[in-house]
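J.: These came from Swiss-Prot, pasted as-is:
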BINDING   H78, E79, H111, E112  Fe cation 1 binding site
BINDING   H236, E237, H269, E270  Fe cation 2 binding site
REPEAT    76-102  repeat 'HEAT-like PBS-type 1'
REPEAT    109-135  repeat 'HEAT-like PBS-type 2'
REPEAT    234-260  repeat 'HEAT-like PBS-type 3'
REPEAT    267-293  repeat 'HEAT-like PBS-type 4'
Amino acid sequence: MSTEFEKKMEEHIDSCSLEQLRDILVNKNGDAKLTNRFRALFNLKCVAEEFAQRPEEAQRAVEYICEAFADSSELLKHEVAYVLGQTGNLACAATLREVMLDHAQQCMVRHEASEALGALGDAASLGALERSRREDPSEEVRQTSELAIERIRWQASGAAATEQLQQSLYSSVDPAPPLSLEKDYDVPQLQALLNDQRAPLFERYRAMFRLRDIGSDEACYALASGFDDPSALFKHEIAYVFGQIGNPCVVPHLQEVLKREHEAPMVRHEAAEALGSIATDDVLPVLKRHLQDKDEVVRESAAIALDMYDYENSNELEYAPA
């Protein structure tokens, strides 16, 4: 999800207790809109990440968020895993390991659980991540676990403290840090590394996030060249960063990816969410067409993107969860 999308989802709901937010998230009454369940999830996230200041409430928030892993929605569960990784709260690590190694969970959910463990920097999860990297039947999950292992090792090596990194405009904890500023790459050099199939995946991701932080039209077009990559994981991450950047110049590229019927659902869903985040008028008919998409995660992503577009363009003061 894009940072701007998250900020809207995190707008505080004063009238809801943690228990009420949990009930909306898990759809206790059976009639909660998916968008409102997301809103409840991100409100619980805001509490879960305050584990230093409010440890008991943060623990409850983590437990309530984890209850949603019993849901049937692949989109919701993948967002649950993402949110847990972003909290920095290690209380969720054991549950994330279980979800990652549970092959009954959908691919996108296992992938996001693996990525979340990397975001947490949880060295205690390295063994489980190695197992996932070796044994998971999905290439996307195996690649995610490879990245998570490399990120944890990078963080533990001290490089995180010594490398000169650009101050990010984005609050997300990413699967890899951007390339260090100590080497003065230009955009064509970064594009070459981004698309170098012989380079380690972690380094290619670092090039990706350096291009994201540049954020110019030239950098966006360089990133768009990655949509020809054979890896669904790689392409979905490019769509994600386009949602963060919010540059309308990428709309045609995202539309083209979303229309690819052969493309992996994880890529197409991320393209739909990115289009919703950019929210120019020309994306509306595209998203509406995909409300009837063959892939459930794409249908749900289009619905959420349209709900958020309506909210952005209405006079509503509060995006009510109930």
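Backbone N, Cα and C define each Cβ position, glycine as well.
Have a look at these and tell me how they're positioned relative to everything else.
T.: Secondary structure from DSSP puts E112 (Fe cation 1 binding site) in a helix.
Taken residue by residue with DSSP, H236 (Fe cation 2 binding site) is part of a helix.
Summarised as a single figure, the pLDDT of the repeat 'HEAT-like PBS-type 1' (76-102) averages 98.
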J.: Any residues 6+ beyond the ends of the repeat 'HEAT-like PBS-type 2' (109-135) with a Cβ under 8 Å from its own?
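T.: Result: 69, 74, 77-79, 81-82, 84-86, 88-90, 92-93, 96-97, 99-103, 141-142, 144-149, 151-152, 155-156, 173-175, 233, 266.
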J.: What parts of the chain pack near the repeat 'HEAT-like PBS-type 3' (234-260), using Cβ distances under 8 Å and only residues at least 6 beyond its ends?
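T.: That would be 1-5, 143, 170, 172, 175, 201, 204-205, 208-209, 211-212, 215, 217, 220-221, 223-224, 226-227, 266-278, 280, 282-283, 286, 290, 298.
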J.: By DSSP, what is the split of the repeat 'HEAT-like PBS-type 4' (267-293) into helix, strand and coil residues?
T.: 24 helix, 0 strand, 3 coil
J.: Quick one: pull the CA-CA distance for E79 (Fe cation 1 binding site) versus E270 (Fe cation 2 binding site), whole Å only.
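T.: E79 (Fe cation 1 binding site) and E270 (Fe cation 2 binding site) have their Cα atoms 12 Å apart.
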